[in-house]
């Protein structure tokens, strides 16, 4: 591919993550976007368990049974000349680490807000990560087909709580049973929820923002409220500023209903006008890798086992940061400096796959992994070593001892635990004194998902013995003396054979520091 062809291909890419608090409608809007991309003919409804019509992005068995997203899904489609890569992330706070890593692999984010509830805790946490990265954030105020808060209240809350300017692209006309449509100030039209002609749901606006010709909503109370709200925004609201949007200092706001697919097309079309093409990525030594650099590079931000349970396979998800990927190319794994050939590569629609012949910066590809990759690994095909910045890793707070319920299933148990730990949702430790397996996690749901998947995917029922909340602190191996261990500070080692203590509480940690003042303890490696 020539430099000109590479530039054209890269500039067509739009890669974004969808973030929200659980149940705000994140997965539903993902489904509707796939409809516009022609990927699915009808959206799977998360709550409709009896029909078996599950969300396309919720592909894992436990997600289908519980109606929650506990793993990031990757989906790709073409729309209006652009190649769109969507990463649908877990909404549940126990799986924040997976979401945080995913946000390192995108160029922008879509924040979905339940319009009846406004800003919720998980939304705020994920927004801060986006803000820290300085990526553009687009806001979709969802569920206006139900009773919702006043639009101005929602905008003010976003500005006050999140500290970002808002610019409403459109404005809702009513909500709930009185949801009449959307006033689209950006595209100069009104979209009706119940138009007289279903093939033409739009009313054009003149230069002054008034409906041209007959207005079926004229005299309607919801219409007048919407006009009053729009007038206030026009006079006292923020000016549209594309530079601020690019820096993540202003968020375009869209109102609509993902469930009824109203306002989603307006969002997608407008998003493509503002969203950035693939961006630069920093390396650990301070260099910047640009998307149009001719040499291929990328990093592993996610590992997923058993996307096809029949084959017990494992996929390493790679964000391409620069250049072009061609099937069969040779690359170097930065961590080991070992060469490898990328022959078996795939792209995704959740759990559905297609082989990839070529891909460019901005794309997400999947590498079949036989144990070579770790989360955070960098790969490249140039002469210069590239190691991208480290991905965030959370220190676990909850711990359980785990063992196989059936001693005859040890082989399945060990295979399952080793593969699932590679995904990074739970951390694995071994006791120095007993050799027991110990799992660490941020939240209880991670243990439940691990237990379910061990039985469902590896036919290995496990027994978990809660150890409660602990404080994990790593120690330099040169300073370690196994006699330091006690019932209040259990000595274990992680999967890299690095020693650490699990302290019972803050008092136990303080007591240890007083007894061994020269020993340095760290919260993370």
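For all residues, glycine too, the Cβ spot is worked out from N, Cα and C.
Copied from Swiss-Prot, the annotated features are:
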| type | residues | note |
| --- | --- | --- |
| BINDING | 20-27, 88-92, 142-145 | GTP binding site |
| DOMAIN | 11-279 | domain 'tr-type G' |
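Counting other Cβ atoms within 10 Å of each Cβ, the lowest count among the binding-site residues 20, 89 belongs to 20. For the domain 'tr-type G' (11-279), the model's average pLDDT works out to 84. Using a 10 Å radius centred on the Cβ of residue 144 (GTP binding site) and all shown protein chains, the other Cβ atoms total 27. Here the binding-site residues are 23, 26, and the one with the most other Cβ atoms within 10 Å of its Cβ is 26. In this structure, residue 89 (GTP binding site) belongs to neither helix nor strand by DSSP; it is coil.
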